[in-house]
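Participant: I have a structure I would like to understand better, so I am pasting it below and will then ask my questions one at a time.
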Amino acid sequence: MSLVVMATGGTGGHIYPAVATARELNARGHETLLLGQRGGMEERVAAEQGLSFEGVDAGKLARSGQGRPDPRELFRAVRGVVEARRVLQARRPALVVGYGGFASLPGVLAAQSLGIATVLHEQNARLGLTQRVAVGRARAVGTAYEQVLGLPAGEGTLVGMPVREERLSREEAQRRLGLHSGPLTVFVMGGSQGSLFLNNSVPDTLRNILGKEGLLSGLGSEAGQIDLDFTHPRAGGAAVQVLHSTGPRWLADVAPRVHDLEWYHAVGYVDTVAAWAAADLAITRAGTGTLAEAAFHGVPLVMVPLPESSENHQYHNALSVQQAGAGRVVEQKNVQEALGAAVLECAEPGTRMAMRDAALARAQIGAAARFADLIEQHLPRS
């Protein structure tokens with residue numbers, strides 16, 4: 001069988017689709033290798049998932065100052081291409097798959113310079129900068145959306161957003177995470193790297209609406225699978241616990257602010273399969289990967305889109321989830337006034353169950369398999 005290289009990295013939105021597709025290709029007998037930034041998140045994820053990894057240098061193509069490229073980043077990008085060429089010449093893959101983001105660029109450009117076939121996956125509704133650089137010489141582009149701005153009509157193949165299609169029982173997931181099995185579980189995540197804004201705003205909002213005891217007043221034990229031990233006998237409120245993935249660099253800032261709340265669990269990094277399986281409700285940004293994982297696990301969302309996302313794509317992502325009945329959108333500028341009310345609305349049992357069904361209906365089951373099919377179509381015939 002063939003060796004397929006996954007050029008990926010930077011954020012979970014680029015990395016986890018590569019992991020899901022690599023696993024699918026492995027199951028079909030192919031060998032896979034993740035190629036990304038040396039020392040990046042992708043190196044850690046590959047080790048955790050038992051996948052082979054090679055690291056190279058990588059430079060962000062962001063612009064600084066008066067629209068001039070940062071020469072240091074350009075140098076790193078060029079050096080990364082040189083290093084990636086060495087890796088590909090040594091490993092001789094049949095095909096390289098690019099998942100977008102600056103960390104994928106060295107591998108994709110190196111492959112194209114060596115005449116190795118490339119296939120791309122675009123996770124957003126707008127073709128990213130790295131993909132725009134590479135798309136002209138790519139054999140095919142798999143997409144998560146029917147229409148992708150910047151990609152000529154008919155040049156993309158809708159495959160969906162590959163996610164790790166693994167499910168745990170709620171009880172097993174909560175056991176692994178050290179959570180109680182009774183309370184309503186709220187998962188807070190600002191993407192794979194965390195979100196400074198959510199880290200600053202969510203703890204105070206949840207403290208305000210849940211109080212020191214962590215209770216949703218007025219919902220009672222019907223709000224979730226509540227053990228009597230977690231229902232306050234006087235307030236009659238439903239017990240809540242929070243799992244907040246802050247991102248490693250911000251844990252030290254968030255943890256002291258919630259240390260007095262027994263129901264609030266701040267962690268730097270969490271296994272997202274377990275976290276989604278444990279969650280009854282989540283407060284998140286609106287990256288495509290996050291929304292796809294929530295849909296697969298049937299988790300209702302309160303979404304705070306990143307306003308700086310290109311073409312405001314996170315807002316439009318979130319709006320599509322809300323229109324499908326699977327969540328609520330709270331714009332960042334309105335968080336102080338609206339976030340608490342949105343959480344209370346989505347925690348109401350009838351609303352939450354309806355949103356869960358709507359989320360499951362949005363799930364693009366089998367995306368990794370469909371993308372693997374597309375990749376196999378472009379493997380050289382032996």
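One-based numbering along the chain as shown.
Note that Cβ sites are derived from N, Cα and C of the backbone, with glycine treated the same way.
A quick note: this is a predicted structure, and the numbers were derived from the prediction, not measured.
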Participant: Figure out which of S104, S181, S192, S195 sits with T11, G12, G13, N124, R164, Q314 in the UDP-N-acetyl-alpha-D-glucosamine site per Swiss-Prot.
Facilitator: S192
Participant: Count the other Cβ atoms sitting within 10 Å of the Cβ of N124 (UDP-N-acetyl-alpha-D-glucosamine binding site), across every protein chain shown.
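Facilitator: Within a 10 Å radius of the Cβ of N124 (UDP-N-acetyl-alpha-D-glucosamine binding site) lie 26 other Cβ atoms.
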Participant: Kindly assign T11 (UDP-N-acetyl-alpha-D-glucosamine binding site) to one of the three DSSP-derived states: helix, strand or coil.
Facilitator: coil
